[in-house]
Amino acid sequence: QYSFKEVFGTLVAQRELFDVVAKPLVEDLIRGKNGLLFTYGVTGSGKTHTMTGSPGDGGLLPRCLAMIFNSIGPFQAKRFVFKLDDKNGVDVQSEVEALLERQRREALPTPKTPAGKRQLDPEFADMIAVQDRCRAEEVDEDNVYGVFVSYIEIYNNYIYDLLEEAPCDSIKPKWNNCNTPVRNGDFVPPQSKILREDQNHNMYVTGCTEVEVKSTEEAFEVFWRGQKKRRIANTQLNRESSRSHSVFIIKLAQAPLDADGDNVLQDKEQITLSQLSLVDLAGSERTNRTKAEGNRLREAGNINQSLMTLRTCIEVLRENQLYGTNKMVPYRDSKLTHLFKNYFDGEGKVRMIVCVNPKAEDYEESLQVMRFAEMTQEVEVARPQDRPLCGLTPGRRLRNQAFREELSRKLELRGGPVGAGPEEPSAAELFFQSFPPLPSCELLDINDDQTLPKLIEALEQRHKMRQMLAEEFAKNVLAFKTMLQEFDSNVASKENYIQGKLAEKEKTITGQRTELERLEKKIKTLEYKIEILEKTATIYEEEKRNLQQELESKSQKLQRQASDKRRLEARLQGMVAETSLKWEKECERRVAAKQLEMQNKLWVKDEKLKQLKAIVTEPRAERPERPSREREREKPLPRSVSPSPAPSAPVAPLRARRSRSAGERWVD
């Protein structure tokens, strides 16, 4: 049994898989953070299908592209406003420079067809026809965006550009028995690319083709053009087996608008460049099952070696984090791990999709894949830092659009049709209308003495009014100058006051900044100590568990030994009791036999003494006659009285015989 964050069945839809796995990575990409998504599994388990999809049901890659352009579509910069350099950086150009670049590109001999008029390839048109309009929720509308895509593959531990326009043959050159390529004059092999490190210590592929795209269709067309160059082959386990690791990189450049919300801010430091890498790993395979030979065998060896290096790097990272060690992670052993070193060091979020084939023949390989995938979940990747703020007022784009709409509306009102209404008089016209009107100056008669006096009177009134206005204007100018001087003095005093306050604030800010730096260093030191203590506590807890287990096993062993000892003591006590009882009976029997033997001996001695006494006390004169031999033979020998029979059968006859022999010897 293995545990994972999410498990999908065989009938899961591509939309559900995208929402759970890839959608958070696209949202982080738009926020300016990096992401890595790769599919892992044995050969023929459906990794390429998961990433690309099928006609009518696009996979993760076309859905990621669709979500990106659905989110930033109205906020895209014009083509060539963002320009990538050769050192994994990006520059921003003005509208004029971008226009000149577009005109220069259009003047080339083979101009590209505009994206709006391009006919889609029917081979992949159904894959990008995503019906659901998925988009990110948090999109900064005060930024402009540019999307760049590139497509590479790692074949036999070499990196190749799948978008390179150099003429190359998809069929690899033949290899002879000495494992060296056969020279072919017509064949121009593609040049492998080199990995380098930029000024931010991020790895990138030098000389890789990066295409700026403006729509989902254009981006997927670039991907499909590179997909046709990818190396695949027919094996015993998969009709179209991937023989290389493919990496589709989506770079999103974004820069804020200026304070007016009209043009891009010409500051390279404010540009944010984030990337999302979609990796389709080649499947691990066993040569005894694929029956690979020649090039296929060499490819399988390189594939398994790169996957083994990936597994080794993950294991070393896990060991360093669990036990607090500082072992060197072997990123450079493979181009695959070397390229994505920054992600494992904390430069972005990493997601892995494990594809499992339910075939019984893949059981052992699937177990190894799931065991490795479960172990990778224990590796912790540092969270990337948020990008700095530009400090401009938010909502600049919307205010600029509202201002333009209002300006166009005002211009339309002022530039309406003639005769639509009376025009408003200007300020100069109103000023001249305040003067008294001039009388008629036409002299019809030489004797006319009224016209000139009236004209002189009107001119004098106008002259007086003009002098009054000039005096009032001079007074107003003087008052205005006085007000300006007062205002200047007030401004100067306020500036001095503000500068003093600013100096004080700057000193306070400097002190607070120094204090913040000291606290940050202290926090980092404490975090480092806490991390070391946590790792030490983890080690001690593990040792404690091991010691407890060892103590429990030894206590169980001692209990078993004590129970065995008790059983042995009880057995020995039983044997001792039985043996003692047996020897007690034997001793009693021997004592009884010895007593009987001694009694017989005493009886024999008594008899002998009695006979001896009788011989001694018998008178010597009377000597018995010696009977003849016939009479002695006929006369039975006198027998002594035998004692009572002994309880032991074998001993009694022996003692009787001895008594008889003694009596016979006495008679003789």
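Glycine too: its Cβ is placed from the backbone N, Cα and C atoms.
All TrEMBL annotations are machine predictions without curation.
Keep in mind the model is a prediction, meaning the values are calculated, not measured.
TrEMBL annotations:
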type     : residues                                               : note
DOMAIN   : 1-379                                                  : domain 'Kinesin motor'
BINDING  : Gly41, Val42, Thr43, Gly44, Ser45, Gly46, Lys47, Thr48 : ATP binding site
COILED   : 502-578                                                : coiled coil
REGION   : 614-668                                                : region 'Disordered'
COMPBIAS : 619-637                                                : compositional bias 'Basic and acidic residues'
Ser45 (ATP binding site), number of other Cβ atoms within 10 Å: 25
Those binding-site residues listed as Gly44, Gly46, and which of them has the most Cβ atoms within 10 Å of its own Cβ: Gly44
Reported mean pLDDT - the domain 'Kinesin motor' (1-379): 83
For Lys47 (ATP binding site): intrachain residues, at least 6 apart, with Cβ closer than 8 Å: Thr39, Tyr40, Gly41, Ser242, Asp280, Leu281, Gly283, Ile353, Cys355
For Val42 (ATP binding site), the number of other Cβ atoms found within 10 Å of its own Cβ: 24
Around the Cβ of Thr43 (ATP binding site), the count of other Cβ atoms that are within 10 Å: 23
